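To keep things clear, I will list the structure first and then write my remarks on it.
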Amino acid sequence: MEIEREAPGGERGRSWRAEQDVQDGKKFEDGDETLVKEPAWKRFLSHVGPGFMVSLAYLDPGNLETDLQAGANHRYELLWVILIGLIFALIIQSLAANLGVVTGKHLAEICKSEYPKPVMICLWLLAEVAVIAADIPEVIGTAFAFYLLFRIPVWIGVLITGSSTLLLLGLQRYGVRKLEFLISMLVFVMAACFFGELSIVKPPAKEVLKGLFIPKLKGNGATGDAIALLGALVMPHNLFLHSALVLSRKTPSSVRGIKDACGFFLYESGFALFVALLINIAVISVSGTVCFGENLSAEDIDKCSDLSLDNSSFLLKNVLGRSSSIVYGVALLASGQSSTITGTYAGQYIMQGFLDIKMKTWLRNLMTRCIAIAPSLVVSIIGGSNGAGRLIIIASMILSFELPFALIPLLKFSSSSSKMGPHKNSIYIIVFSWTLGLMLIGINVYFLSTSFMGWLIHSSLPTYAKVLVGVVVCPLMIVYLIAVVYLTFRKDTVVTFVADSCKADAEKAAGGSGEDDDEPVPYREDLADIPLPAHSRG
């Protein structure tokens with residue numbers, strides 16, 4: 001089989017670096033040894049940041065809405081779904097981080113080098129749609145927060161959200177750490193608000209623990225709500241984002257350096273997702289305690305039966321009075337504003353990785369933001385808050401539909417010797433991750449299919465319209481399943497692991513093609529204008 005090799009983003013990457021190591025001896029060993037000899041705690045702290053950035057996808061307004069509905073409909077009985085979902089999220093997020101550390105390329109770039117151009121373009125379009133779908137709840141949730149805090153109309157809130165996100169991204173001029181610090185602070189503001197609500201409502205600890213560790217699916221709609229919780233947790237664009245964020249850290253190319261980095265990112269992601277788990281538990285517990293409480297007014301009972309982001313502040317009205325909307329609004333604002341920042345970053349990396357487009361940072365930020373907020377702005381103007389709320393549900397369904405086109409490539413690449421070398425997944429991780437991944441994909445496909453068929457059968461459309469919709473949608477579903485099978489069983493052809501390429505590089509260098517011997521070695525220079533990756537590695 002012919003072996004292809006590509007450097008990251010078409011630029012010099014780790015394979016180029018291997019060639020220079022052959023030519024220049026131990027050019028990089030001293031720097032790598034210095035990094036490895038640093039105390040473990042200092043090396044760990046230098047890796048903190050990406051995990052908190054990606055954890056925001058598990059705390060965005062879309063998740064908050066599904067949490068609120070799950071608590072209002074089933075009290076604490078679906079908490080176990082959150083626990084399982086975030087354990088699986090930790091596994092796949094660590095796989096995404098490992099892929100970036102080992103290969104020196106993020107997921108979008110590997111997809112570009114691995115798949116034929118038509119497939120690559122389809123994956124890019126699907127990834128862009130996923131970013132837009134993920135951004136819809138974030139933008140609308142932030143707009144709802146502005147309405148609760150300042151009584152600003154939702155459509156104006158959407159515009160403010162877009163512009164404020166660009167302003168916050170302007171902090172990148174002052175360094176990566178400051179932006180990561182801001183994101184972490186927003187996470188802890190969210191945690192403070194919801195934990196404060198939890199301490200006021202005081203749900204029974206025994207019932208919460210039973211819901212967390214004893215699986216149940218009782219009552220009307222429990223299965224659908226459980227699937228909605230899982231679908232809202234695992235977001236496709238987050239896999240592209242995490243594999244790119246880890247490229248900002250100085251990772252030695254030695255076996256020990258790579259293993260240490262993968263471990264540090266795992267611990268950091270574990271802590272960040274544990275905080276996300278606690279916040280999700282708090283939201284469900286508050287909703288479940290209030291909506292199943294005694295002495296609820298008829299108005300509050302109606303709200304509990306159709307709980308959404310814009311009418312949930314009443315949950316604390318009895319204990320906080322007028323300030324309930326302020327506390328809830330601040331938490332929602334922190335959730336929406338922080339997750340829109342990470343969504344914008346994901347869009348930038350996807351565009352750069354698949355298309356290798358070179359443009360100025362402000363222009364890329366503006367383009368990504370405009371593409372993302374356009375659907376939310378149109379719907380909020382036409383349909384108001386009710387239309388915006390329905391759009392969140394549609395966005396969640398789109399994300400469930402999109403998941404295989406990011407998850408399957410990640411599972412394949414992270415389990416591949418040609419991509420990861422000796423750092424590929426163990427057989428236990430391969431079996432566990434593929435089993436859970438295919439179960440999640442199967443559940444999503446089943447839920448979407450049955451929901452569509454139920455809607456089609458019970459809709460008020462005339463018979464000929466139902467037939468026409470069925471004729472159009474059924475072939476598309478078949479194409480969807482064929483695409484999933486293709487991604488699952490296609491054999492990898494591109495080698496990205498450095499050790500697999502060193503021999504070819506050495507032979508090439510021995511042939512006298514050392515035309516770049518005197519040039520400094522850049523680390524992901526193609527991403528230097530996207531703020532998070534570092535400009536140099538040494």
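Placement of Cβ uses the backbone N, Cα and C atoms for every residue, glycine included.
Here's what TrEMBL has on this protein:
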- 1-29: region 'Disordered' (REGION)
- 78-101: transmembrane segment (TRANSMEM)
- 121-146: transmembrane segment (TRANSMEM)
- 152-169: transmembrane segment (TRANSMEM)
- 181-201: transmembrane segment (TRANSMEM)
- 221-241: transmembrane segment (TRANSMEM)
- 262-286: transmembrane segment (TRANSMEM)
- 326-346: transmembrane segment (TRANSMEM)
- 366-385: transmembrane segment (TRANSMEM)
- 391-413: transmembrane segment (TRANSMEM)
- 425-447: transmembrane segment (TRANSMEM)
- 467-489: transmembrane segment (TRANSMEM)
- 505-538: region 'Disordered' (REGION)
Below 8 angstroms Cβ to Cβ, which residues of this chain, lying six or more residues outside the transmembrane segment (121-146), approach it?
57, 60-62, 64-65, 108, 111, 115, 152, 154-158, 160-162, 235-237, 240, 309-310, 329-330, 332-333, 335-337, 339-340, 343, 346-347, 350-351, 354-355, 368, 371-373, 375-376, 380, 385, 388-389, 391-392, 394-396, 398-399, 402, 405-406, 409, 483
Of the listed stretches (78-101, 221-241, 366-385), which one yields the highest count of Cβ-Cβ distances below 8 Å with the transmembrane segment (391-413)?
221-241
Between 181-201, 221-241, 262-286, who has the most Cβ pairs under 8 Å to the transmembrane segment (326-346)?
181-201
Are there at least 3 C-beta pairs under 8 angstroms linking the transmembrane segment (78-101) and the transmembrane segment (221-241), leaving out pairs fewer than 6 apart in sequence?
yes
Apart from its near flanks, which chain residues at least 6 from the ends of the transmembrane segment (181-201) lie with a Cβ under 8 angstroms of it?
49, 52-53, 55-56, 59, 168, 171, 272, 275, 278-279, 282-283, 285-286, 289-290, 315-316, 319-320, 327-328, 330-331, 334-335, 337-338, 341-342
